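A.B. asks: The structure under discussion is supplied below as C-alpha cells; questions concerning it will follow.
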Amino acid sequence: MSSDDEGREEYLFKIVVIGDSAVGKSNLLSRYARNEFSANSKATIGVEFQTQSMEIEGKEVKAQIWDTAGQERFRAVTSAYYRGAVGALVVYDITRRTTFESVGRWLDELKIHSDTTVARMLVGNKCDLENIRAVSVEEGKALAEEEGLFFVETSALDSTNVKTAFEMVILDIYNNVSRKQLNSDTYKDELTVNRVSLVKDDNSASKQSSGFSCCSST
C-alpha cells in the first residue's frame with residue numbers, strides 16, 4: 001500500500017432504505033450495488049445490507065446501505081437498525097397509493113429512532129409503470145417540500161434515477177459531516193462491520209442528474 005493510500009481519509013455512512021413491503025426496496029439496492037434486478041424477488045426477511053464506495057473531493061466514501069423489511073411483523077426487529085443511520089431513502093410505489101399514504105408513518109418512525117439531521121430522500125419507485133400510476137409526480141414533490149426532503153422518482157427495472165437517488169443522499173451526508181466534523185474514530189467504529197465494497201462509475205451521477213427532482217426546505 002502506498003503512503004498516499006495509507007493517509008487517505010475514509011468515511012463510512014450508514015443509510016437505511018425504508019417503506020412498505022413490496023415497494024421495491026430490495027431491487028433498488030440490488031440495482032444500485034450490483035446492477036441486478038429480480039422480477040420475482042421475495043420479501044426481505046430481517047435486514048440485509050450492501051456497501052458501495054465512491055470518491056468525493058479525493059476522499060473515499062463508503063455507504064453501508066441497509067434494506068429493512070417492510071412487513072409489519074418485522075418492524076419491531078428492524079427498529080434497532082436505525083441506530084447510527086445518517087441517511088434514509090423512504091420508498092413508496094407510485095402504483096399503490098396506500099404505500100404513499102404510509103410515508104408519514106415511516107418518517108415518524110425515522111424521527112423516533114434516528115438523529116434529526118439524517119439526510120432524507122423521498123423515492124417514488126416503479127415509474128416505468130406510468131400506465132397504472134396512482135400517485136402523481138406533483139403529489140410526491142408536494143409531500144417532499146412539506147417534509148423538507150429530497151425527491152426523485154425511480155425505476156429499479158430500467159435503472160432510471162437509481163444511482164442519482166443514492167448518490168444525492170451520500171453527497172448530502174458527506175457535506176453535513178464535513179461541516180460538522182463528525183468523522184471521528186468513535187463514529188466510524190460504530191458503523192464498521194464485515195462488508196463487501198463495490199466501486200461505482202465515476203461519471204454515473206453526472207449522467208443521470210438531468211432526471212433528478214430535488215425538493216428541500218434547506
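Along the chain as shown, the residues are counted starting at 1.
Cβ atoms are placed via backbone N, Cα and C, with glycine included.
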A.B. asks: With the ranges 32-40, 41-49, 122-130, 131-139 to choose from, which does Swiss-Prot describe as motif 'Effector region'?
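C.D. replies: Comparing 32-40, 41-49, 122-130, 131-139 with Swiss-Prot, motif 'Effector region' matches 41-49.
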A.B. asks: At 10 angstroms around each C-beta, which of the binding-site residues A22, C127, A156 has the fewest other C-beta atoms nearby?
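C.D. replies: Result for the binding-site residues A22, C127, A156: minimum number of other Cβ atoms within 10 Å at A22.
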